[in-house]
Every structure is written in C-alpha cells, then in structure tokens.
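Student: Starting off with a structure, shown below.
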C-alpha cells in the first residue's frame, strides 16, 4: 500500500514538473515570436557605422539610434515578405497553437486534477497525449528558430553579402531555442510519468490465512 501511493505521488510530481516547464516554454515561445530582435546588425569588419543598430523580426523592423531613439516599421505586405520570414511565422504560430491545445489536454489528464478521476487509465492516456502534443510543438518552435538562424549564418559567411548588410543572431532566437527545449523536456516528463498498462487498477494483496478455517477439529 505505501509503495503504491508513493509511486502515484511521484508520477503526479513528475507530471506537475513537466507541465510547469512546458508552460514556461509556452510563454517563452510567445515572447520570442513577438520580439523584434530576430536578427541584429553586425559590427564585424572595418568601416562599420555604429551610430545606429538595425533589428529585424517576424512582424516589423526597428532602427535604434545612438541617442536612444527607436523607430519601428511594420511590414507593409505579406506577399512581399521573404520566404524565411513567412515560414518562421507559420512554424512559431503553429507551435503556440499546439501548446495551447496541449495545456488544455494535459490539465485534464494530470493526476493532480479531478477531471476523469473515475477513469484512471483513460486519464493517463490523456496526459500522454498532452505530452506528445507538447513535444511536437517544441519541435516546431525549434525548427522555426534554427531555420532562421541558419539563414542568418549562411548570409553572414557569404562573401557576396555586403559588410554593412550582414546580421547576427538576435536575442529572440536564444529565447526561442530555450523555450523550445523547455517545451520538449516538459512534454517528455508528461510522457514518462504515465504508468504502464493496468497500473490504474487497485493493488492486489496476498490473502490472509489467519482467519481461514483449519479444516480440523481438536478435542
């Protein structure tokens, strides 16, 4: 009996930890998506103008002056955007949507909630589904940020790229990478915490022989 309940509490703790990590990753993915510093102007090389810094994101571009003034401009046309920006937008928004769905699913399947408490096996399957969706969402965010970062590195080392037109990784990429890792790890915890088949059944205990009739009569 004690081992059964301790195992159950351990699984609930792992689920709660995984959900917390994935939730923080969800917040980080939203922050990364709306941030403008996906790529920042590079100061590598000679004759670089450092009076202003250029930042480009998925939704707008910004120019920061040395005086502290920042001017931003939203992209005018969706169809004129580079394919890398459109693809990164789609991947990040898909990741955010899947994370939101996974949060709803995981809350129902977690052991610390009362939803579907009378159906323990189905509840475990729901938690497993939430963890799988979290992992898929984390992979989408990881692919989106890595693809964008690869393009930045490719253009940076391209000898035909003008020196003043080279960019480096922005802070949004690092936030996105960290958030994607948190989501994947959290989803993995939700998947690993699910017990094996039949674990939702009540534990069996050996029958006590103390009250059983001996079958013999003594005088």
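For all residues, glycine too, the Cβ spot is worked out from N, Cα and C.
TrEMBL lists these features:
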REGION    198-219  region 'Disordered'
TRANSMEM  12-36  transmembrane segment
TRANSMEM  91-114  transmembrane segment
TRANSMEM  126-149  transmembrane segment
TRANSMEM  169-192  transmembrane segment
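I'd like to know what surrounds each of these features in this structure.
Tutor: Long-range contacts of the transmembrane segment (12-36) within its own chain (CB-CB distance under 8 A, at least 6 residues past either end) are made by residues 55-62, 72, 92-93, 95-96, 99-100, 102-103, 106-107, 110-112, 127, 131, 134, 137-138, 141, 145, 170-173, 175-176, 178-190, 192-193.
Distant neighbours of the transmembrane segment (91-114): 8, 11-12, 15-16, 19, 22-23, 25-26, 29-30, 32-33, 58, 123-131, 133-134, 136-138, 140-141, 143-145, 147, 176, 180, 183, 187, 190; these residues of the same chain sit at least 6 beyond its ends, with a Cβ under 8 Å from one of its Cβ atoms.
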